Every structure is written in structure tokens, then in C-alpha cells.
């Protein structure tokens, strides 16, 4: 006979077993319920077309989705998930005395949301989408390949610029919105890949970690130590980082004996004077400083400095002095072309190549200029479709230019069959060149502008191709009438023809794809009017396509001219997510 206690023990054992099973089932049910809640809330953000009527705010992202975009959001969800956003919405509601907006609610500019840091870190459309998606769903989705992968087929996409920049943008947005768990997650991810990050990209991470401050102290300390021990020069650091961080780097390098107390790692005063002259866009002052004989352009690494920090016009003027070795290396082993590949400015790259820069030269770690450019370019920018007549992305254009330069097979000979057929007819040659370049400006605006700037077309007199009509007053002094009879070649005609011819030659050399398209149009034996009446379906389609492109370009130019006069060119292009300091 079993003791009485055995029955009690068995009863408790059976009860415990049942409760464990029930507890497991309850846990599974809870997980499933949370998953459904996550999916349902995420759908409100991921499917704006279905939930637009519920959205009561929108966040405007400059440059998002290719040309700027708004993300529809719901203030109640964001306020519940982010203390920072709750404060933003509360202040705006109080200021508006409880009034609401119409047609999707109030509109918030992302840069205003990010405060002062938004001027230094450009948080992209996809990075903000990931942060907002996390606020809705509580889960981190897959990183978007178009924004996180570079176009170098040999890259592991762990520490390349697109991957690092994307994580840094998410980290900064999450920290600003006070989303602690997402901030910690992306801080850990960056810490895990720091050893694989190229030294130039460390500045980007250091800048973001410094802005995040206390929420990213581990990342800040480790990144700061790596920059201190790196071969990054003080000029580059000074242009990229705030003064308080520069002081920490100088103090650390002094304590480690990496720099001398006399110059603290900065170049001597003669070199600094040349750099300041370049910052002032004063190449004539640079020439005067060189006559003092204290230094030269190569010792001052003036071309490197101009390419990295100055307007493209200054680089061109400096090259025209013909006083610097265009293939000179800086202490880190970078040629001027390597720096230009990081800058990603097509005009600068073409200017260097036309002056003899060697695209096959490699850095100390074995990278050519084209590979540097590829490691900086996002797949979304490179493989994205560009609408005809719209500017090509600069990143893609730089890669195409460098690849073409490596092939060393520019198309030779006349611009096309039509120009060769013009023979000795100077008027015909001028008309051809003017028409070809004008068509290139419409169909391939970015490529045409690069070639025209280097050929200095803007410094010549534009031909009046009209039928005797007087040009507008503002253009009378900048046009030359080709309809004069008899036509006599003048000095201004020759200058214009030389510049236009060089434009076409540069197009042949660096933009063969575009040149082939122009060849097919310009070499058509039939004029456009008869082409429009042609019964051939293919030719009629080609005519109408061309007509649409020209008409669209005309209307866009007219609208732009109505809005404003001349547009000024931008000065310096930032590398990555961090805006350069001046």
C-alpha cells in the first residue's frame, strides 16, 4: 500500500505538467498576438494608399524617393513610441491652439525635426523609413539593398560607404527620436564592423557618434581612438569635425608622440597661406605666393586640396597654371584622381584626365580611382532608371567616365558622318556643331554641361541660328549671326567652333553612349519635317519621341526662366552623410 503522501505528490506532478503545457500554449498565443499586432500597425505605415485617410501628419524628406518625398504618419502612434516626437507634436498642437491641418494633416520638415544635427547629417528617405517602420512594428526589417550596397562586385558590403552611411543615418535618427532600443542595436552593429570600415569612413561614424553623445559613448570612444591612430591628416580632420573633437584628437596624438608640439600635425604657414587663397577662390593670389619661392604646388599638395575642398572652377584654373604634377601622391598614397573619385564631381574627373591623370594608378592598398568611386556609390543610384532629358546621377557618371578612361579607346575621327559631309562649308560645320551641342544639352544635360565647361563654351559667342529675327536685347552682345551673306569666318566664329569641337571630342572620349545616340540623330539623311511624314513606323516613332523630348525640354526651360534668371552652381560636394565644415 502506497503512503498517502505519494498520491499528493503524483497529483502535484500531474498538475505541474499540465500548467507547464498550458503556460507554453499561452506563451505561443501571446507571441502570435503580438506578431499580429505588429503586422497590423506596420500595415498602416507600409500601405499609405490604404490608410491615407487616417494619416494626420507627413514628414518631408529632401531628396527622398529620387526627388523628395513625404512619408504619411499617425501622430498617436509616433507619440506613444517616441518621447521626442510626442514633445514635437504637443508643442505644435499648443502653438496652433489645437487646430489641425487638412489633406493629410500637418507637414514636418525632416531637417527641422533633427534640429542642428540635421544640417550636418543627411538622413535619407530609406533610413527614415526603417526608423518609422520600427516605431510602428517594433521589429527591424531587412536593410534595403538599393541604399546599403555599393556597386563594386568585389566588395563584401560590410564596411563600404553605403552600408556605413545607412547605419549611421539610422543611428542618428533613432537617437534623436529617443528610441533607445533601436539606438543600441545600430550602435552594436557599427561597433561590430568598425575594424572593416575604410579609414575615410571613420569620420562619418565619429561625427554621428559625437552628435548622439551620451547614447553612443562606446562607439564615440572607440571611433575616436581609431581616428587618433590613423593616418588621416589634420587638414582633413579640421574640415570634417567640430573644434572640440579636433582638440581631443590633437591632445591624444601629442600624448602618444604621433605629432610634434610645434606644428601639432598641421602644415607650415606657407602651405596654409596657399590653402587659404584656394578657400578664397583666388588663384591669382596662389600664383603670387608661389613667386616667393617658399613652397610649390606639389609640396603644398595644392591640387589635392583644391579637388577635395574647393569649387570645380578653382581646380580647372589651378590645372591651367601647369605648375603641378597631376599624378603627384599625398602622404597617404592618394593621387589627385583618387581624391576626385571620392569627391564624385564629373567635371573635376574629366579635367584631370584631359591633363594626363592616370586612371590605372593604385593606392597603397591596391585600389584604383574607379574602385574608389564604386565603393562610394549606392546600387540604387547606379542602376536607377534616368528619364530621358533628366540629368544623370553624378555617382554613375563618374564611374562611367573612369571606366571609359581605363579602356583607352575613345572614338576617333570627325564628330560624325554629317560633319564630314559638310566639307569645306564653314557655315555648315558651325551649324552642325551648334545643333549637336544644343541637342546634347536637351537629351543629356549633365554630360553636356561637363564637356561644355571643360571646353569653355560659355566664354564664346553663341551663334544666332534664326532666320534673320533679332535676338532679345539681353542676348544681342552674346550672339553671332550665321545668316550673314556672304558668310565670312571671323575670330569669334573660330573661337566658338574650337570650343564646340572640343565639346564633341570630349563627349566622344568620355560619354560614348550619349555620342552614339546623337550620331544616329544627326546623321539621319532625312530632315525632321520629312521624317514626320515618313510612312515607316520606326522612323515615325523616332520622330515623335524626339519631338516629345524637345517639346518637354522647351517647356521646362521656359518655366525655369520664368521663375528665375541665371542659376548659380554649387560650391563643394560633401562626401557621404556629413557636410564639410568651412
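From the backbone N, Cα and C atoms, a Cβ is placed for every residue, glycine too.
Small disclaimer: the values here were computed from a predicted structure and weren't measured.
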The residue range that Swiss-Prot labels zinc finger, out of 147-161, 162-176, 177-191, 192-206, is 147-161
Secondary structure of the repeat 'ANK 2' (269-299) by DSSP, residue by residue, totals 20 helix, 0 strand, 11 coil
Helix, strand and coil totals (DSSP H, G, I; E, B; other) for the repeat 'ANK 1' (229-258) = 20 helix, 0 strand, 10 coil
Residue counts in helix (H, G, I), strand (E, B) and coil for the domain 'BTB' (55-140), per DSSP?
-> 46 helix, 15 strand, 25 coil
